[in-house]
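Asker: Mind having a look at this structure? Questions to follow.
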Amino acid sequence: MPPRDSYSYAAPPSAQLHEVDTPQEHDKKELVIGDRAYDVTNFVKRHPGGKIIAYQVGTDATDAYKQFHVRSAKADKMLKSLPSRPVHKGYSPRRADLIADFQEFTKQLEAEGMFEPSLPHVAYRLAEVIAMHVAGAALIWHGYTFAGIAMLGVVQGRCGWLMHEGGHYSLTGNIAFDRAIQVACYGLGCGMSGAWWRNQHNKHHATPQKLQHDVDLDTLPLVAFHERIAAKVKSPAMKAWLSMQAKLFAPVTTLLVALGWQLYLHPRHMLRTKHYDELAMLGIRYGLVGYLAANYGAGYVLACYLLYVQLGAMYIFCNFAVSHTHLPVVEPNEHATWVEYAANHTTNCSPSWWCDWWMSYLNYQIEHHLYPSMPQFRHPKIAPRVKQLFEKHGLHYDVRGYFEAMADTFANLDNVAHAPEKKMQ
């Protein structure tokens, strides 16, 4: 089945939770998990994962719940404590056959051990970022300044990939250990907050490319990935900026985003939420920068630091952008199934040894969205079977060459920037 320019889904409730003509409490918030409807009216505000749970109200949240809480016994205990009732006798979710096959496929993967962590792989990943930091510092020490900064810029991105997997708890399988790895990698390696990232990134996973839900679409004033987002801009200065966004995105916008996160957004979140472990990581990172500035000149060190951040930001943000930003969006009042979000609003980049390493297996973005808690190095093993599942149910399995996907990303930036002009012609 070929891809489409747009998709239409049922508006929530996407599953008929009640018997027809049964009186309902209009302010009650329910969602379905398994064969029960759970009343989350009073739980939404105290949900440990934040308001992401509100995105599932009125829908069958079985797959979302399972994939977000693969390793959390605490979540199951909380779920059992909530008021619930059996779903009515005639209940059937949207795309029931697809959901049933996906859940059966998931059970097969669990039986095969695909969700089990690999400690040797974790050791390799940690050793890699340590070795690359040492190599970058050694290059600079021996006078190869630009080569050393380039190495450190790339490993900054590698820390981003590693913390991403830690934030999904798919490294060691122990939530506390994975969070510790994420805090260290993201704080020391990138100067950012793992707690902030987890809160925001899970919203993206819950509803990728859904307007007013996916935080990855909430990118103004620096960039707009969709015409509907760009249409919000009224300022002539911002319109002028967006008109050049395809040219500015890689060299300038990514740097501004990184600096905004490092110097304002993430430290503010750490202070507000009292994540002192993350603040300690920042203290070590910027203590080292201060030491270097005191001994080698503030201007020189600042210039090197900005180049280092720019290279790392360009590496990671451009690679994140290829997976979704040029694909169709979901309307705010519609809701796709978990599998449809992965199929219709996500693209893979063609596998190869270098692309698998360069994107740290996130070129298998479809598999990652289906199974965010699966160790990412196992995605190549399941990809052919995911494709078969999609083909059986008439879904498009979108795979593009890396450079094709990158070209589509920048073409979309340009099209969005000039959409108002084209409409006037």
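Cβ from N, Cα, C; glycine included.
Annotations per Swiss-Prot:
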REGION    1-25  region 'Disordered'
DOMAIN    18-93  domain 'Cytochrome b5 heme-binding'
BINDING   HIS47, HIS69  heme binding site
TRANSMEM  134-154  transmembrane segment
MOTIF     164-168  motif 'Histidine box-1'
TRANSMEM  175-197  transmembrane segment
MOTIF     201-206  motif 'Histidine box-2'
TRANSMEM  241-261  transmembrane segment
TRANSMEM  297-317  transmembrane segment
MOTIF     365-369  motif 'Histidine box-3'
Asker: Over all shown protein chains, what is the count of other CB atoms within 10 A of the CB belonging to HIS47 (heme binding site)?
Answerer: 13
Asker: The motif 'Histidine box-3' (365-369): mean pLDDT?
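Answerer: Mean per-residue confidence for the motif 'Histidine box-3' (365-369): 98 out of 100.
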Asker: Taking 10 A as the limit, how many CB atoms besides its own sit near the CB of HIS69 (heme binding site)?
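Answerer: Excluding its own Cβ, HIS69 (heme binding site) sees 17 Cβ atoms within 10 Å.
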Asker: Do any residues, 6 or more residues outside the transmembrane segment (134-154), come within under 8 Å Cβ-to-Cβ of it, and if so which ones?
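Answerer: Sequence-remote neighbours of the transmembrane segment (134-154) are 304, 307-312, 315.
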Asker: Looking only at the domain 'Cytochrome b5 heme-binding' (18-93), what are its DSSP counts of helix, strand and coil residues?
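Answerer: Helix, strand, coil within the domain 'Cytochrome b5 heme-binding' (18-93): 25 helix, 12 strand, 39 coil.
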Asker: Counting only residues 6 or more past its boundaries, what in the same chain has a CB within less than 8 Å of a CB in the motif 'Histidine box-1' (164-168)?
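Answerer: Same-chain contacts beyond the ends: 125, 178-179, 181-182, 185, 194, 197-198, 201, 360, 362, 372-373, 375-376.
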